Structures are given as structure tokens and as C-alpha cells.
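**Student:** Below: one structure in C-alpha cells.
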Amino acid sequence: MPRSQKNDNFIDKTFSIIADLIVKILPTNKESKEAFYYYKDGMAAQSEGEYAEALACYYQALKIEKDPMDKSFILYNIGLIQASNGQHARALEYYHESLKFNPNLVQALNNIAVIYHYYGNKLFEQSKLQEAKLMFDKASNYWRKAIKLAPYNYIEAQNWLKITGRITEDIML
């Protein structure tokens, strides 16, 4: 079942070896181990740009995985692939779904904000100013949530919030 590593990246190989050892010695059930192997294989495929293979692995992991936190990361990674393929609406669905399992998944909050900001820019370019404002407001809401959880990670988002007058005192550094 484990995917063979195509690249010669020392860190990736080391991670894979250590992860395999940990999974073997952890007192966990067979399904959790199987889900982890699919997830790990999905990450390896995703890092190599093999998105179809990665998605197949993630969907298998999702069928098996029971742990909400682990499900959130699987859904998040599916969202990353959808966004990479320009499927922003689908990416949003997966990011939102990941937040149902892990509301503090700061990366998903940020990526949702990025997509809403992108939509806002597109609408602004089309002179659809009211709709653009709604998208920018949505982006700011998600960035504020992300910044509250990780205040030093999203400096550009903080600057955008300041420049556009959307920053609130509870997130100012």
C-alpha cells in the first residue's frame, strides 16, 4: 500500500521512515493506521504535483478516518489541490468542511480569506463595487479570525486590514 517515493529529498524520505515507525509502534487500530498511510501517500503525491493520485489517496483516507482533527487536515489538503487547479468554489467547500472538524485550523481560515479577496478583486475589476465590498468584508472576517489565532503569521493580511480600515483593536500588534 505505501507509495514509493519518486524524489530523492532527504527530508521527505526521513519523514516517511519516521512516520512509518511511529505508526507501527503506536497503540492504534488498524483503520487509523490505514487512513494515515493513505494520507501520507496523498501528501507525497501532492508534493510531487500528482494531484489526481493525491486526491484518490485523500478520499480513501477520508472514508476510513474517524478522528475529527485528522479529517480536518485531509479536507484542508483536498481544498489546497482544488485551489491549485483553479477550482476556488470547490476549495472553499473543502476549507469550510475542514473548519467543521477543526474551527481553529488557521491555514483554512487564511485560505478562505485569500479566495474571498481574490473574488473581491475580480468583481472590483468588473466595476461590481457592492459585490466586491461583500467579498472583501468576508475576506476580512476570516483574516481577523486567523490573525487572532496566529498573530504573527499573516502580516500582509494585517496590513491590508489596516489600509482598508477593516482592522479591529483586538488584532492590532
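Cβ coordinates come from backbone N, Cα and C, glycine included.
Feature list, courtesy of Swiss-Prot:
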{"type": "REPEAT", "residues": "35-68", "note": "repeat 'TPR 1'"}
{"type": "REPEAT", "residues": "72-105", "note": "repeat 'TPR 2'"}
{"type": "REPEAT", "residues": "120-153", "note": "repeat 'TPR 3'"}
**Student:** Using Cβ atoms and a strict cutoff of less than 8 Å, what residues sit near the repeat 'TPR 2' (72-105) while being 6 or more residues removed from its termini?
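**Tutor:** 39, 42-43, 46, 51, 54-55, 58-59, 61-62, 65, 111-112, 115, 118-119, 149.
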**Student:** Based on DSSP, tally up the residues of the repeat 'TPR 3' (120-153) by helix, strand and coil.
**Tutor:** 27 helix, 0 strand, 7 coil
**Student:** When the pLDDT values for the repeat 'TPR 1' (35-68) are averaged, what is the result?
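**Tutor:** Over the repeat 'TPR 1' (35-68), the predicted model scores a mean pLDDT of 94.
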